[in-house]
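Submitted below is the structure of interest, expressed as structure tokens.
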Ligand SMILES: *Cc1c(COP(=O)(O)O)cnc(C)c1O
């Protein structure tokens, strides 16, 4: 083992050489150093001259660590698979971890999704979804159907095609205007999981879709929760509206469940709230319980058969680390673990704790809205968050949060207990006050 760097040296090298998400180079905000993580706690190194300390994790490492960290069952799955092979190429070879996982995902996801492409990150799974849809229409003799429709407020990842269907007002579109493909945007869906259908909005979706159907390959949306585009919730009824419209106008429907999948919204998949099957579904984030990067794109037999009947009868995509056995083995163990526990009650309990703990913020100065769905809690401020001040306030209360724009939000691991939830809520309240 090399000598530890020491916090000061580590931070200096980090600043000099290492990009962080959406960060400048060199970094302007000092990141906190994590030494290890276990259960729902991150063990922090402490700044130069500071003692190590612990934080309760309010972020599940961006939706993914649903079982918490350093879990014995997931560790064991990883170790056993390491002893066999951590990776082999997937071209011309196959293996049990990937096959088992694919069959499992087919079984768990809405009926009709039959075929699985294992990709190495959420963004890539969205690229694959888009490629599937475009190639489908090409193969069935309608190559002009190659645009996408979405609604505003969405987020689908940072690579090229996903970026082109992210909310156009997020800045990325202005930065890349002229370079990004230009897709069709409907207005953002009206707020509120329980709000029912707004007839005028449904008519707007219909009008937009009908006008462009001749050139549309697919509609792509995040079902029920729009995540990194603004942490907004909408009625599942709009998913049924979209399903019907897509059927009526011969357009495919892609649901990006990368954030919502595996129970986070209170249903195993957000599509289940609406009882619909998309033509294509993307999964990622919690797929490996936060251990490793892995994603999946599922599609129906109609889509797969269409692609395979074309002039080029193959899906032309194949990443080097496709179907990585180590990630698949951990994903299988994570799914076993999730389904072996009463995840529905766990998610409800976390949601109830968040509702109670965040309630005092409703109507507080600077707070525009407080909302909870499943195990997701969101505080929307009427101003941009001062991330440094908000993080400092949360850390003082003993929890890790990562606010963005005007949002302080939390999606704790499902196993978070009452006291730790209370601490997360105290941190959100402090961050809202001081951020
Ligand atoms: C995080 C996310 C992505 C991108 O996944 P990465 O693994 O970060 O590439 C895509 N869509 C949604 C809805 C996400 O939340």
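Yeah, the Cβs are placed from backbone N, Cα and C, and that goes for glycine too.
Found this in TrEMBL, in case it helps:
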type    : residues                : note
BINDING : 62, 155, 285, 318, 402  : substrate binding site
BINDING : 122, 123, 256, 319, 320 : pyridoxal 5'-phosphate binding site
MOD_RES : 285                     : N6-(pyridoxal phosphate)lysine
Please state whether DSSP places residue 122 (pyridoxal 5'-phosphate binding site) in a helix, a strand or coil.
helix
Quick check for the class: what is the C-alpha distance, in angstrom and rounded, between residue 320 (pyridoxal 5'-phosphate binding site) and residue 285 (substrate binding site)?
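One finds 20 Å between the Cα atoms of these residues.
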Within the set 122, 123, 256, 402, which binding-site residues show a CB-to-ligand 1 distance under 6 A?
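Correct list: 122, 123, 256.
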Out of 123, 320, give me whichever of these binding-site residues has the highest number of other Cβ atoms within 10 Å.
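Most Cβ neighbours within 10 Å: 123.
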Look up residue 256 (pyridoxal 5'-phosphate binding site) in the DSSP assignment and report helix, strand or coil.
strand
Return the member of 122, 123, 319 nearest to residue 62 (substrate binding site) in space, with distance defined Cα to Cα and candidates limited to these binding-site residues.
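Result for residue 62 (substrate binding site): the nearest of the binding-site residues is 122.
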Specify the nearest of the binding-site residues 155, 285, 318, 402 to residue 122 (pyridoxal 5'-phosphate binding site), where nearness means the distance between Cα atoms.
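Going through 155, 285, 318, 402 one by one, the Cα closest to that of residue 122 (pyridoxal 5'-phosphate binding site) is 285.
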What three-state secondary structure does DSSP assign to residue 320 (pyridoxal 5'-phosphate binding site)?
coil
How many angstrom lie between the most widely spaced Cα atoms of the pyridoxal 5'-phosphate binders 122, 123, 256, 319, 320?
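Answer in Å: the longest Cα-Cα distance is 23.
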